[in-house]
Amino acid sequence: MKNLTVAKFGGTSVADFEAMSRCADLVQSDSNIRVVVVSAQSGVTNKLVRLTQLDVTQEERDQILADIRATEYKIIEQLGRPEWVTLALDNLLNELKATANSENLVGSMRLKDQIQSYGEQMSSLLFAEIMRQRGVHAVNFDIRQVLKTDSNYGKAEPDIEQTRLQAEKLISPELEGTVFITQGFIGSDENGYTTTLGRGGSDYSAALIAESLSAETLQIWTDVTGIYTTDPRLTQAARPIPEISFDEAAEMATFGAKILHPATLIPAIRKGIGVFVGSSRAPKDGGTWILNQVDNKPAYRAIALRKEQILVTVKSPNMLLASGFLAKVFAILAKNKISVDLITTSEISIALTLDNPSNATLGGLSKSVIAELEEFCEVTVEEDLSLVAVIGNHLQASSGVGGKLLSALENFSLRMICQGASPHNFCFLTKTAEAPKIVEHLHEQLFDSI
Ligand code: ADP
Ligand code: ASP
Ligand code: MG
């Protein structure tokens, strides 16, 4: 379909009947929106994740199941409890309950993904009914038929070609007369088992679906009016950015701006799909366009903050003039699927940062990986660190950038600085306790006078 728009609504946008109704208004106001991708109601995925954890008691499990049921039932009551939708909702709640109480859950990544999928399944069921009650020909479409992934449960990788083929077969022919309401975050593997793309993955799903249907535009509707100069929760001085390039926005997402899942822009860049980010609460207030080319390319565009970082220093007394040390270290990290973010080196050591969400696994650096490294070097691990990234243009080559940023930070202690690999970022690592203050101060120095 020409001019197709895929619209994604995040958790707060579909949190309850009133929020969903605002999204429905938005969909009805734009006939190009033929595919709607919804997240679970805000807070539901966190609860589902809790159900999968080892230390959850039966009492807490029952309470969580009751809370989720209450959230969904509140919406269906406001829809007048239509018979077959209520039945479908009950089926999902019963399946969820049975899986949550299954003895096999603890050791099964597959069942954990299945549990996490119910939030999106319920919210698309209800959203489709809202649309139908407004007279729109809307279907609740099971995206697991289209979004094909590998079996890496918890963070599955999409199969782009299979996804395109399935979308062409199952969605494209019906687009003219139908609004597809479907789930973000979930897919299925070659055995038909449910997979998830990682937390916050609905943005990525929507981008993959937009790519597979050659959509013209992807809209990401959330709780803020676009991408801001920094997370508006960190400083009141943050302000929306009307236009930003793919490269800058991708760096922001990579370096922790939660507004977009880090992989969201990859499909959009591949296909040149324009991405709009706006608030479903205030759609008329505008938002941010993320485009291939933008006219305005300021040196300083935004500041991103990513918490829960660890710094690993590997030191070899033999590195002096030795070749192959870096390769050896990185081969071990690659073999263990550990992804490194920042790197600095000296003559005898390498310092690198790893993302460590939830602080449970030391960024994948298990005891056995440390032991492998310790066969030929000393390893130290530092925690409680955060990564602050200044995002902009020509940062690697413009005169005065280093001076400006470092003098702005003279009263803070920095643990590591990285600059030079990309024109779009200047990053440093700092104690997590100091990070919000640093972002606020830097924001004042870089943006308040503009
Ligand atoms: P959704 O549930 O709609 O996907 P998220 O909570 O994942 O919403 O993302 C929106 C949140 O991202 C905002 O409420 C805001 O606090 C946060 N955020 C982080 N960095 C930025 C930024 N640079 N601009 C706007 N929002 C940001
Ligand atoms: N519901 C999922 C989560 O909370 C996916 C998303 O909202 O993007 O992580
Ligand atoms: Mg999100």
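From the backbone N, Cα and C atoms, a Cβ is placed for every residue, glycine too.
Note that TrEMBL annotation is computational and uncurated.
Over in TrEMBL, the protein carries these features:
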- 4-278: domain 'Aspartate/glutamate/uridylate kinase' (DOMAIN)
- LYS8, PHE9, GLY10, GLY11, THR222, ASP223, TYR228, ARG233: ATP binding site (BINDING)
- THR45, GLU120: substrate binding site (BINDING)
- 314-355: domain 'Aspartokinase ACT' (DOMAIN)
- 388-445: domain 'Aspartokinase ACT' (DOMAIN)
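Only THR45, in sequence order, out of the binding-site residues THR45, THR222, TYR228, ARG233 have a CB under 6 Å from ligand 2. Each of the binding-site residues LYS8, ARG233 was scored by other CB atoms within 10 A of its CB, and the lowest score goes to ARG233. The record assigns LYS8, PHE9, GLY10, GLY11, THR222, ASP223, TYR228, ARG233 to the ATP site; their largest pairwise CA distance measures 22 Å.
For ligand 3, the nearby binding-site residues are GLY10; that is, of LYS8, GLY10, GLY11, GLU120, ASP223, ARG233, these have a C-beta under 6 Å from one of its atoms. Among the binding-site residues listed here, namely GLY10, THR222, ASP223, TYR228, ARG233, GLY10 has its C-alpha nearest to that of GLU120 (substrate binding site).
Ligand 1 lies within reach of none of the binding-site residues LYS8, THR45, GLU120, judged by a C-beta closer than 6 angstroms to any of its atoms.
Put simply, THR45 (substrate binding site) is 17 Å from ASP223 (ATP binding site) when counted between their Cα atoms. DSSP assigns GLU120 (substrate binding site) to a helix in the three-state reduction. According to DSSP, the domain 'Aspartokinase ACT' (388-445) comprises 19 helix, 18 strand, 21 coil. Across the range of the domain 'Aspartokinase ACT' (314-355), the DSSP-based residue counts are 11 helix, 15 strand, 16 coil.
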